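Over in Swiss-Prot, the protein carries these features:
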DOMAIN    1-130  domain 'C-type lysozyme'
DISULFID  Cys6-Cys128  disulfide bond
DISULFID  Cys30-Cys116  disulfide bond
ACT_SITE  Glu35  active site
ACT_SITE  Asp53  active site
DISULFID  Cys65-Cys81  disulfide bond
DISULFID  Cys77-Cys95  disulfide bond
Amino acid sequence: KIYEQCEAAREMKRLGLDGYDGYSLGDWVCTAKHESNFNTGATNYNRGDQSTDYGIFQINSRWWCNDGKTPNAKNACGIECSELLKADITAAVICAKRVVRDPNGMGAWVAWTKYCKGKDVSQWIKGCKL
């Protein structure tokens, strides 16, 4: 499913991401935009470590989920990576909350560091009926 921006914002808010671990809803929407363009079905294979990034937040199979093919995977979220590709983003949000609790916080996402960190991320939810 490809979410519209405000639709994604509403879902993320409903699932408790606004203010989670000190990050605003705008941070999460900005990150999802630059990671997957709000596409829950997005996958990207990383040749270097043979891992794959999954879903709206592009969560990686080396650390966070099990896809049965990533060498030395940790599965810290305790889920199948396929759960992260569903139209319903509940599992992706639960796992993203686990990711952000790590010391790196949202720095775990290259897109957040590059496009959202230190920026006015409120623009990502402007005009959305939340």
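Backbone N, Cα and C atoms are what each Cβ position is placed from, and that goes for glycine too.
Cys128 (disulfide bond) sits 14 Å from Cys30 (disulfide bond), taking the CA atoms of both as reference points. DSSP assigns Cys30 (disulfide bond) to a helix.
DSSP assigns Asp53 (active site) to a strand in the three-state reduction. Other C-beta atoms found within 10 angstroms of the C-beta of Asp53 (active site) number 22, with every protein chain shown included. Of all Cβ atoms in the shown protein chains, 16 besides its own fall within 10 Å of the Cβ of Cys128 (disulfide bond).
Within the domain 'C-type lysozyme' (1-130), the DSSP-based counts of helix, strand and coil residues read 56 helix, 16 strand, 58 coil. For the disulfide-bonded residues Cys65, Cys77, Cys95, the largest tally of other C-beta atoms within 10 A is found at Cys65. For Glu35 (active site), the nearest neighbour among the disulfide-bonded residues Cys65, Cys77, Cys81, Cys116, judged by Cα separation, is Cys116. Within the model, the domain 'C-type lysozyme' (1-130) shows a mean pLDDT value of 98, rounded to a whole number. Taking the disulfide-bonded residues Cys6, Cys30, Cys81, Cys116 in turn, the residue surrounded by the fewest other Cβ atoms inside 10 Å of its Cβ turns out to be Cys6. Of all the disulfide-bonded residues in the list Cys30, Cys77, Cys116, the shortest Cα-Cα distance to Asp53 (active site) is found for Cys77.
The disulfide-bonded residues listed here (Cys6, Cys30, Cys65, Cys116) include Cys65 as those with a Cα within 10 A of the Cα of Cys77 (disulfide bond).
Note on proximity: of the disulfide-bonded residues Cys6, Cys65, Cys81, Cys95, the one nearest Cys116 (disulfide bond) is Cys6, by Cα distance.
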